[in-house]
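Engineer: This is the structure I want to talk about, given as C-alpha cells.
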Amino acid sequence: MAKRDYYQVLGVAKNASDDEIKKAYRKLAMKHHPDRNPGNKDAEEHFKEAKEAYEMLSDSQKRAAYDQYGHAGVDPNMAGAGAQGFGGFADAFGDIFGDIFGQAAAGGRGGRSGPQVYRGADLRYSMEITLEQAAHGYDTQIRVPSWVSCEICHGSGAKPGTKPETCPTCNGSGAVRMSQGFFSIQQTCPKCHGTGTYIPEPCTHCHGAGKTKETKTLEVKIPAGIDDGMRIRSAGNGEPGINGGPSGDLYVEIHIKAHAVFERDGDDLHCQMPIPFTKAALGGEIEVPTLAGRATFTVPEGTQSGKTFRLRGKGIKGLRSSIAGDLYVHVQVETPVKLTDAQRDLLQQFEKSLVEGGARHSPQSKSWFDRVKSFFD
C-alpha cells in the first residue's frame, strides 16, 4: 500500500512552520493514541502514520530530503535515510557512506595518502515518559545496543594469525582517481572503502567488522519542562568512528504518554471538570487536580456548561520559560440520573416555580426560543 503524503497525513501545508507541524501532530496523537482507543486497529494505524510523518517533517534535514525526493528521499532501504526505532546509519560490517551523511571527519582526504577518518554514526533511542515526569524532570537508565572491539581479533577484523594487507586497488591510499575526458576525479576506493587495507581472511566472530554488539546501560537526565518530540543528546555514545575517527552521538527522543486528566498545549494544561448542576446554579468552591496536587477555586452562581476558568501558574514551567503556564478548567455541568420519586417531585416543583416566577432563569434558552419564534413569524 502506497504511503500518503506526510503533509497530507498531518493536515498542514508544505510551507507549514515547525510550530504548525508540531501542533497538528499533537492533535492527531491525542485523538488516535492507543491508550485512548484500546483495541482500535484503525486508530493505532493513524497514530503510527502521524508519528512517522512528524518524525520526518520535524527534522530539517529529513524534511528537505523529503521535499526534494518524496518518500524515496527518506526510505530507510535507500542510501539517504536514517534508521527507524534504534539504529545507526552504517551496517554491522562498517559500510561507509561518506559525505552523503556528513560523517567524514575532515571533509575528505585533501590529496593526502593514508586511510580516511570517519566520524561514527549517530544513534536514536525513543523513550516514552509520563506528563508528570516531563513536568518535574526524571532521572533514569536506558539499555542500548553498543559496538565494542571484537575480543577475538582485538579490533583488526582479521582472523587470528593473519593481519590486514595493503589494498592492491589503491595501494594503501584509500582513494582512487577516475578520469573522465579532461577531468580527473578522486573518490573513495571501492575495495577497501577508504581504509587503505583489506582483510583476506576475516575474523569469523565479527565477520571482519572488528567490532561486536553488546548492551550497555546509560544514565539519562530528563530536564523538567521537556516537551513531546524534543531530543536529549548523549555525546560520544553513538557508533564508534572509523580509522580513529570520533564516535557519534546518541539522541534520546522523548514522547509523552497521553494523560487521563490533562492535555498539554505548550506550557499550559487543559482539563475537563464535571460539576453537579446544583453547584453550577448556586455557585461555590470546587476542588480541581493539578500536577502539584489539589487546588480550589470558586465558581460563580449561574455557571453554564462549557465555561472555562483560568488558574494562573498551575501549568508547566517549560525549558525556556521563567514562569509556569496556566491550567484551563473547562466546566461540564452534569445532569443527575437515576432519580428517586422524591427527588423527581422536588425537581418538578422547582421547574414549576421557575415558570411561575417569570424571571429569566435560563437566559441562553430564552434567547434561543426568541430567535426561533422570530424565525417562524
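Backbone N, Cα and C define each Cβ position, glycine as well.
This is the feature table in Swiss-Prot:
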DOMAIN    5-70  domain 'J'
ZN_FING   137-215  zinc finger
REPEAT    150-157  repeat 'CXXCXGXG motif'
BINDING   Cys150, Cys153, Cys203, Cys206  Zn(2+) 1 binding site
REPEAT    167-174  repeat 'CXXCXGXG motif'
BINDING   Cys167, Cys170, Cys189, Cys192  Zn(2+) 2 binding site
REPEAT    189-196  repeat 'CXXCXGXG motif'
REPEAT    203-210  repeat 'CXXCXGXG motif'
Engineer: Sort out for me which stretch, of 167-174, 189-196, 203-210, has the most Cβ pairs below 8 angstroms to the repeat 'CXXCXGXG motif' (150-157).
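Structural biologist: Going through each listed stretch, the top one turns out to be 203-210.
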Engineer: Between the Cα atoms of Cys192 (Zn(2+) 2 binding site) and Cys153 (Zn(2+) 1 binding site), find the distance and write it as a whole number of Å.
Structural biologist: 18
Engineer: Of the binding-site residues Cys167, Cys170, Cys189, which one has its Cα closest to the Cα of Cys150 (Zn(2+) 1 binding site)?
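Structural biologist: For Cys150 (Zn(2+) 1 binding site), the spatially nearest of the binding-site residues is Cys167.
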Engineer: For the Zn(2+) 2 site given as Cys167, Cys170, Cys189, Cys192, which other residues of the same chain have their Cβ within 8 Å of the site's Cβ centre?
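Structural biologist: Apart from Cys167, Cys170, Cys189, Cys192, the close residues are Pro168, Thr169, Asn171, Gly172, Ser173, Gly174, Ala175, Val176, Pro190, Lys191, His193, Gly194, Thr195, Gly196, Thr197, Tyr198.
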Engineer: For a three-state summary based on DSSP, what are the helix, strand and coil counts in the zinc finger (137-215)?
Structural biologist: 0 helix, 35 strand, 44 coil
Engineer: Which residues does Cys203 (Zn(2+) 1 binding site) neighbour through Cβ under 8 Å, counting only same-chain ones at least six apart?
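Structural biologist: Spatial neighbours, sequence-distant, of Cys203 (Zn(2+) 1 binding site): Cys150, Ile152, Cys153, Ser156, Gly157, Ala158, Lys159, Pro160, Gly210.
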Engineer: So what sits near Cys170 (Zn(2+) 2 binding site) in its own chain, CB-to-CB under 8 Å and at least six residues off in sequence?
Structural biologist: Val176, Cys189, Lys191, Cys192, Gly196
Engineer: Please identify, from the binding-site residues Cys153, Cys189, Cys192, Cys206, the residue with the sparsest Cβ neighbourhood, meaning fewest other Cβ atoms within 10 angstroms.
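Structural biologist: Across Cys153, Cys189, Cys192, Cys206, these binding-site residues, the one with fewest Cβ atoms within 10 Å is Cys189.
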Engineer: Around the Zn(2+) 1 site formed by Cys150, Cys153, Cys203, Cys206, which additional residues qualify by having Cβ within 8 Å of the site's Cβ center?
Structural biologist: Glu151, Ile152, His154, Gly155, Ser156, Gly157, Ala158, Pro202, Thr204, His205, His207, Gly208, Ala209, Gly210, Lys211, Thr212
Engineer: Work out how many Å separate Cys167 (Zn(2+) 2 binding site) and Cys206 (Zn(2+) 1 binding site) at their Cα atoms, rounded off.
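Structural biologist: Here the two Cα atoms are 20 Å apart.
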Engineer: Kindly state the mean pLDDT of the repeat 'CXXCXGXG motif' (189-196) in the predicted structure.
Structural biologist: 81
Engineer: Of the residues in the domain 'J' (5-70), how many are helix, strand and coil by DSSP?
Structural biologist: 48 helix, 0 strand, 18 coil
